[in-house]
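Participant: Got a structure here, written out as structure tokens. Questions coming.
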């Protein structure tokens, strides 16, 4: 149990009768205001500001029984000045007190929600300050360019200020170089790709084995398998993780030209939309009928049914994979192919990614830094200095130094009470 704020010391003394040596675990008998025993617990005392929240902070390591926790909570609630923490309030106080910045707080939120290895790695990278350090480096370069521009504008006639010739050109070239680096970051996959999972769509004509395949991948019955064409009428989606990569697999209605069933036609339209939005397409059908898609795996499915059929064997030769979800043939190879294709959509090892909010700010900053070479503006230091200022203010939004109040409640509301 964690207590943070100006009354943390009073609360700990009231429960334990003393303040232990800072930052050392100590065994204590906890009592309520009437002297009644609550628990024997480990207590820790962290005087601010060098704490997680930047405030005085106390921790109680209790026995985990519900009655114990409830009794200690009741004792704390009876003390003046104390109240239950709101969701994410400890992290919000850390942000307000400068212990972490907004990008690190967002990384911590993602770390708490991480379910796959790739999500954990990305979130820990953000929470550890990778993005924040990059922003600090960009800001330092902006300040250097701004200093050069301001020196030329305000102090060019001073003997002790070295400005030299061609300052506007050097500043505009520095802006172009920085804009190029921001563009490289924007070209990376968005963080949401890892957080939300890649979309893998299973598509093909009716009775191609799509539902059998998604059931085999999920290792449970998600979709009805029937010899009757048109059984699947809607998109059936399930989250799966392959080799630590989050994915969303979708089974779709069989694609065919026309159907007398209006409901099936709605399902076909939804299937087509799913194919268009897929990151990876698994096509179970004739290769020549596969939709155009940059990342398609052509699958000759239901191999257990057509083995020995010369025509089917000839068509399968044009596919990437021969598979039977019923017998398991080709399933391991399909797993490998999906993972290999998925990795091409993910950031390289050690490469940080950006959330959409951060990408929007970075794109705006890049826009302020882009000035056409040889234009009048490229030679105007006053305009260049203003562009540099606006770019810096925009980058501040990534780490939470400006213009972010409207989204703080939403962010910290995602945290659990203990954070």
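Backbone N, Cα and C define each Cβ position, glycine as well.
Copied straight from Swiss-Prot:
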type: BINDING; residues: 2, 59, 99, 419; note: (6S)-5-formyl-5,6,7,8-tetrahydrofolate binding site
type: DOMAIN; residues: 197-343; note: domain 'TrmE-type G'
type: BINDING; residues: 207, 226, 228, 231; note: K(+) binding site
type: BINDING; residues: 207-212, 226-232, 251-254; note: GTP binding site
type: BINDING; residues: 211, 232; note: Mg(2+) binding site
Participant: Near the Cβ of residue 210 (GTP binding site), how many other Cβ atoms are there if near means within 10 Å?
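Facilitator: Other Cβ atoms within 10 Å of residue 210 (GTP binding site): 32.
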Participant: Other than its own, how many Cβ atoms are within 10 Å of the Cβ belonging to residue 253 (GTP binding site)?
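Facilitator: Total other Cβ atoms inside 10 Å, all chains included: 27.
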Participant: Which binding-site residues are spatial neighbours of residue 207 (K(+) binding site) here, meaning Cα within 10 Å, out of 2, 59, 99?
Facilitator: none
Participant: How many Å lie between the Cα of residue 211 (Mg(2+) binding site) and the Cα of residue 2 ((6S)-5-formyl-5,6,7,8-tetrahydrofolate binding site)?
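Facilitator: Distance between the two Cα atoms comes out at 49 Å.
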Participant: Using the alpha carbons only, what distance in Å do you get between residue 210 (GTP binding site) and residue 2 ((6S)-5-formyl-5,6,7,8-tetrahydrofolate binding site) once rounded?
Facilitator: 51
Participant: Measure the Cβ-based neighbour count of residue 211 (Mg(2+) binding site), defined as the other Cβ atoms within 10 Å of its Cβ.
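Facilitator: Taking every protein chain into account, the count is 23.
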Participant: Just to confirm: which same-chain residues, 6+ apart in sequence, have a Cβ under 8 Å from the Cβ of residue 99 ((6S)-5-formyl-5,6,7,8-tetrahydrofolate binding site)?
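Facilitator: In sequence order, the residues whose Cβ lies under 8 Å from that of residue 99 ((6S)-5-formyl-5,6,7,8-tetrahydrofolate binding site) (at least 6 apart) are 51, 52, 53, 54.
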Participant: On the DSSP side of things, how many residues of the domain 'TrmE-type G' (197-343) fall into helix, strand and coil, could you say?
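Facilitator: DSSP classes over the domain 'TrmE-type G' (197-343) add up to 51 helix, 34 strand, 62 coil.
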Participant: Given residue 2 ((6S)-5-formyl-5,6,7,8-tetrahydrofolate binding site) and residue 253 (GTP binding site), what distance in Å do their CA atoms have, once rounded to a whole number?
Facilitator: 52
Participant: In angstrom units, rounded to an integer, how far apart are the Cα atoms of residue 253 (GTP binding site) and residue 59 ((6S)-5-formyl-5,6,7,8-tetrahydrofolate binding site)?
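Facilitator: Cα-Cα distance, residue 253 (GTP binding site) to residue 59 ((6S)-5-formyl-5,6,7,8-tetrahydrofolate binding site): 55 Å.
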